[in-house]
């Protein structure tokens, strides 16, 4: 599970600038699909070896009377569910009544709140930030979000205390010698655990109905088992002699009250469920078609590398010409996830619901399919023979060998000379070649390219990202103790 960082502050203090810097395009090929709409307020950040969910609470505003209680419900919910709140203020504008109003609201939330003075570039940050100590929220962290100044130190200072609570927050180091062994251990752990299935979708697409239909078909005794993912409920179940854990984000709490259950939608809770799941079942409303919110959720699923099954709900009762038009639109807008199975269902009447688990099982099997080094290297050689890599700086790129780097999603690591200079088009070609050769269905594939270091280039030892972060923390602590 990843921690949630909420960016709070009045308008024009730099929340969006910091958000954009933290959620810059990631290197993972699974996110490199045309036609993908990315949400502007919720994102997955991978910054300087730290990964987390970041929320831009744009609905927060303040005035002389204090906090505006009519602020957006999603913004309030995001603050309530956040692990860290970064309260941004404008160092150039100084302390305002709106800042004081927001601070008064945040003090009541019992959250880890850090004051962040933005726009300190070109001014005396210490003197211009002094007034913000009056907010009564502790030290003032100085940054220039537009240029990235102080951002790494800020994240290290605010997120490192959570490292034990969120072990997945730190991106693993590239220890290539043990990578294959670690991948094998990860696979063994996955295969020994139940399949975690998250049913996600925007409000009122039928997630609650589908959850209840699935549980009703299984005829099992269902009880509330609180999970670790905020308010999501983890429901154990069995199907076809296979254990599952259904991650319920729809707000359903007890079987006896499902008829009057009101669906509660939380974007943060949905993102946490996606991170926790092995397979994500995305529910789309057939009558509304594919919306930008659906595409945003798809973006989070792809960035997380989770297996994917798409269910188009409310299919019963539609005329044939309407169904044909919907299918054409789905083909056009969802062409970038051609690896995912698409099902047309009616959660209310149970039509085709039973077939969903065939695709869930197929997707999970693809995501956890054991792949050895010799097979991957052979496929890599075949791909090179069919379509040679390009010439870079007068030398043809040479891929030497490939091995497994992880599962769920399958990660394939290719080693060679100048492989990092390969154009994106060739990287996509390699990804698609591996997908077809391995007959992978229902899961994205991530391909990483590594270059061997020249042992004669330098005699100095290079620090890892983890060592650099620890060094910065020690230097900061030493500076504060002076």
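Residue positions begin at 1 at the first shown residue.
Each Cβ is built from the backbone N, Cα and C atoms, and glycine gets one as well.
On a predicted model such as this, the values are computed, not experimentally measured, just so you know.
Swiss-Prot lists 9-16, 56-60, 118-121 with the feature GTP 1 binding site. What Swiss-Prot records for 201-208, 248-252, 313-316 is GTP 2 binding site, and it gives sequence analysis as the kind of evidence. Among the features that Swiss-Prot reports, domain 'EngA-type G 1' is placed at 3-166. Annotation source Swiss-Prot lists domain 'EngA-type G 2' at 195-368. The domain 'KH-like' feature in Swiss-Prot is assigned to 369-453.
The highest number of surrounding Cβ atoms within 10 Å, among the binding-site residues 15, 207, is found at 207. It is 249 that, of the binding-site residues 12, 57, 204, 249, has its Cβ surrounded by the most other Cβ atoms within 10 Å.
Packing around residue 315 (GTP 2 binding site) is summarised by its Cβ count: 19 other Cβ atoms lie within 10 angstroms of its Cβ, all protein chains included. Here the domain 'KH-like' (369-453) is broken down by DSSP into helix, strand and coil counts: 32 helix, 26 strand, 27 coil. Counting every protein chain shown, 26 other Cβ atoms lie within 10 Å of the Cβ of residue 9 (GTP 1 binding site). When the Cα atoms are compared, residue 207 (GTP 2 binding site) and residue 9 (GTP 1 binding site) turn out to be 33 Å apart. Distance from the CA of residue 201 (GTP 2 binding site) to the CA of residue 12 (GTP 1 binding site) is 31 Å.
Shown in sequence order, 207, 282, 283, 284, 285, 294, 297 are the residues of the chain, 6+ apart in sequence, with a C-beta less than 8 angstroms from the C-beta of residue 201 (GTP 2 binding site).
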